[in-house]
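Q: Annotations for this protein, taken from TrEMBL, read as follows:
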type	residues	note
TRANSMEM	A:6-23	transmembrane segment
TRANSMEM	A:30-48	transmembrane segment
TRANSMEM	A:79-100	transmembrane segment
TRANSMEM	A:112-131	transmembrane segment
DOMAIN	A:133-426	domain 'NADH:quinone oxidoreductase/Mrp antiporter transmembrane'
TRANSMEM	A:137-155	transmembrane segment
TRANSMEM	A:209-227	transmembrane segment
TRANSMEM	A:239-262	transmembrane segment
TRANSMEM	A:282-305	transmembrane segment
TRANSMEM	A:317-337	transmembrane segment
TRANSMEM	A:343-362	transmembrane segment
TRANSMEM	A:374-392	transmembrane segment
TRANSMEM	A:412-432	transmembrane segment
Amino acid sequence: MTEHLPVLQVVVPLIAAPLCALLRPGRAVWLLAMVTCALCLLIAALLLDRVLAQGVISYAMGGWPAPWGIEYRVDAANAYMLLIVAAIGAVVMAFARTVVEQRIRLPASKQPWFYATYLLCLTGLLGMIVTGDAFNVFVFLEISSLSSYVLISIGRDRRALTAAYQYLIMGTIGATFILIGIGFLYVMTGTLNMADLAARLPAVADTRTVRAAFAFLTIGISLKLALFPLHLWLPNAYAYAPSAVTAFLAATATKVAIYVLLRFFFTIFGAQFSFGTMRLDAILLPLALAGIFSASVVAIFQTNVKRMLAYSSVAQIGYMILGISLVSVTGLTAAISHLFNHALMKGTLFMALGCVSFRIGAVSLDRMAGVGRIMPWTMGAFVIGGLSLIGVPMTAGFVSKWYLILGALERGWWPVALLVLFTSLLAVVYIWRVVETAYFQPAPEGRATTGEAPLALLVPTWTLALANLYFGLDTSLNAGVARRAAEALLGVGP
Amino acid sequence: MNSETILPLALFIPLLSAFFIALNDGRPDWREGATLLGSLLLLGVVFSLLPAVATGARPTVDLLEFAPGLPLRLSVEPLGMTFACVAALLWPLNSLYSIGYMRGNQEQHQTRFYICFAIAIASTIGIAFAGNLLTLFIFYEALTLSTYPLVTHKGTEEAKQAGRLYLGILVGTSIGFLLLAIVWTWVVAGTLEFAPGGILAGKIDGPLVNVLLALYMFGIGKAALMPFHRWLPAAMVAPTPVSALLHAVAVVKAGVFSVLKVIVYVFGIDFLKDTGASSWLMWVAALTVLLASFVALTKDNLKARLAYSTVSQLGYVVLGAALATSMGVIGGSMQIVMHAFGKITLFFCAGAIYTAAHKTEVSQLDGLGRAMPFTFGAFLIGALSIIGLPPLGGSWSKWYLLVGAADAEQWALMAVLLLSSLLNVAYLLPVPARGFFAAAPAGGATQIPIREAPLACVVPLCLTALGCLWLFFQADSLYALLAPITVR
């Protein structure tokens, strides 16, 4: 049984999704989805445990050995990613039931479809991570993308529809570019297996086709991960999607795209080709810095807090790309560690906002005045998530910030280190605007005096909030394993 | 129990106490009982560590590992021991005073107040016992954040603005400069340990030493070195027990303590003396001492005057550290202790005056001393100690600082120190003078009845005033405790 873990990771949610759609509306659907997510988390934890103990696991789909069959290949990097996605998937699913029942634009009879779509999205994300086959990445990318367009479009605000449509257009362009890139690689090497590609590419590396493939893949993946200036779909999509969906996508979707970037550039093309020959770092570094700076500044001027956090996500993606463009073990550790830490902090923040919108029906800054007094637990979680976003010590965010600055100073890039520190102060500004409004301003006229959010929302929110604190102190997973993943990607590790 | 097992207790007792305070939200007596019990337990724990440290032991405990070779480490050395003793001695007194003050003024959100207070003390202990720079930084930030709700306690627009300045300067400097300096140190030295003699000698040279020192000194915003001192007067909007905590026990002392730690154990005074990197710092500190004193002269609001006095007195500590002589460092360390007792007395008195008579300005105090003789008497003692007159503790720290300046042959700085003492006289003594000698405002009765603040306020301030006197006779043992810190 345990040798089938890699495939079960994908098959379990894939089979559960149609089952959800077949069930009658009610609690049973959610329970099935919840159990599925929990199983996924369990499988991911077991996989990580095995990979750390035994090294790389290779699984041949249907018994066809690679490079002919599809190979699922799990090393430290993707076992770690699987854990992030599965964990967030499970926590947000626990949060989602109350939101789905009361806060989205779906009649009760259609609610099972939400869970089905959610599980499909999870399937796609997990599949992109676990697979060792380049074309398979594309297939799962489309599964997750199509389902995420649907998930976004069911937000209460009608603008969710245009946001989803915008994302659909941009996402499809991105996916197409990725497909073209993979196609070119197939033309040149005759293989789609990642390990096989890595072995065959150096022989044909100096051709225009491979370079074009590289360019298509770079742009396609950058669109999916919302690298500045290709991020324009993100703020609207995050702002108008239902809060559970935003929490789930913000914490996972862009992260998986970054993982794909790492896989293609480090494993398939190799760091030497990507950064030595193609000088990708010279492109990524300025874009990352521009993204960090401009998105942080834009976030300060937002009045819708969800939108503000969406822009903050663009900035945080910049930090990850910055870590990658350092092309060192420390830099990659920072990037990979931040994938995890950012999932925790943004998950917390968006879920806390979900609690707020559940009670007062809005998350604009003026409507949130005085919320800290009537919803102390919700805003407590928000403050913890915010501190983590700022990178205050004893929160997860500090861990990634530490490695990022360390990486920059190791390379002697002083201005970069200074900019990272300066932009964390910008994060102080935009987070503290919310904190001050929530705690110091009197409640606006005419807002119903409602109480704290229900426990069904608070428990998942606080689970992630406490995880922020826990992983700020015990860094064996989010820095220790991240380092092993970085070493695996750079090919310098044991 | 040996020291290693006791050490983490010092951190967990205040946290546990915060937890029990939270549990007893609706029961004020239980809640404040938890505060007092926690503070007394902490006092016992901290002082039980003292004998071992005085005989040269350095108990060390690793809590967990942050990165390979970089643990969260608690370790006790004489400087930290001294600071922890000050905090542990003053917390019970401050708690007692808080009870009197908060009840006397019917403040809101008292549970939140006591919880944040206990967490702030835990952070202070964490700073005092930090075994490396990372640990110090972590607790330093925790202290900023846990005191933010205390500073903004009143929840008014003014409190919000003050909180903004408080957080802006302290977080801005610590993330912008201090964190950068720490990571830089880690990159060049490969360690963040506090080691006798420093860890930087030979790892960095030239003008970069100056840059790194500046990053540290301005990064430690809590030391209120000009021009990053504005948060301290702004924070005066907080309730008085908080001001006392900020000024005497926790926040500013954590700042200058960190300055001393960095200079003694990271740079090493020999290294600083050889490179001459700290000479600019002496002048910045001297300027802070003088300018802040002049500003204090112009303030009529009592708490604002005391706040600028603190900025000035903190400059002494930085000055002592910047001298890079043994005597200077010891004088600076003593100044932490002596100023703590003196300034907490003054703030307690200011709060007692506010509670009993609702007076906040110096010009309103005429004749009040006859109604509140204990309060004004204690104020006089505290003021004299800060000025540095025998037989009060403050005279020793000033003495060692002067010796340190003489050792370094900085005659101009000696003049600054003496001039500043005169300025202290000019801005502190008018308060008791007006209280005792000036005629009460017209219409007042000739025979003023005694109207002191509640007993819970008056007893602590008398005790801290007596503490100033007691410290004068403890200088020898303090010197003996502190002497080893500059020895490699």
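Glycine too: its Cβ is placed from the backbone N, Cα and C atoms.
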Q: Can at least 3 Cβ pairs under 8 A be found between the transmembrane segment (A:30-48) and the transmembrane segment (A:137-155), with each pair 6 or more apart in sequence?
A: no
Q: Six or more residues beyond either end and a Cβ under 8 Å away: which residues meet both conditions relative to the transmembrane segment (A:79-100)?
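A: Distal contacts: 9, 27, 30, 33-34, 37-38, 40-41, 43-45, 47-48, 51-52, 106, 111, 114-115, 118, 122, 125-126, 129-130, 242-244, 247-248, 251-252, 255-256, 259, 336, 339-340, 343, 347, 351, 354, 358, 454, 456-457, 459-461, 463-464, 477, 481-482, 485.
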Q: Mark yes when the transmembrane segment (A:112-131) and the transmembrane segment (A:317-337) have three or more Cβ pairs under 8 Å (sequence separation 6 or more) and no when they do not.
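A: Per Cβ check, the transmembrane segment (A:317-337) does not touch the transmembrane segment (A:112-131).
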Q: For the transmembrane segment (A:209-227), I need the partner stretch with the highest count of C-beta pairs below 8 angstroms, choosing only from A:112-131, A:137-155, A:282-305.
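A: Stretch with maximum Cβ contacts: A:282-305.
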Q: Do any residues of this chain, six or more beyond the ends of the transmembrane segment (A:239-262), have a C-beta under 8 angstroms from a C-beta of it, and if so which?
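A: The answer is 77-78, 81, 84-85, 88-89, 92, 95-96, 99-100, 103-104, 118, 121, 125, 128-129, 137, 141, 144, 148, 151-152, 154-157, 159-160, 163-164, 221-222, 224-226, 304, 306-307, 309-310, 313, 317, 320-321, 324, 332, 335-336, 339, 342-344, 346-347, 350-351, 353-354, 357-358, 489.
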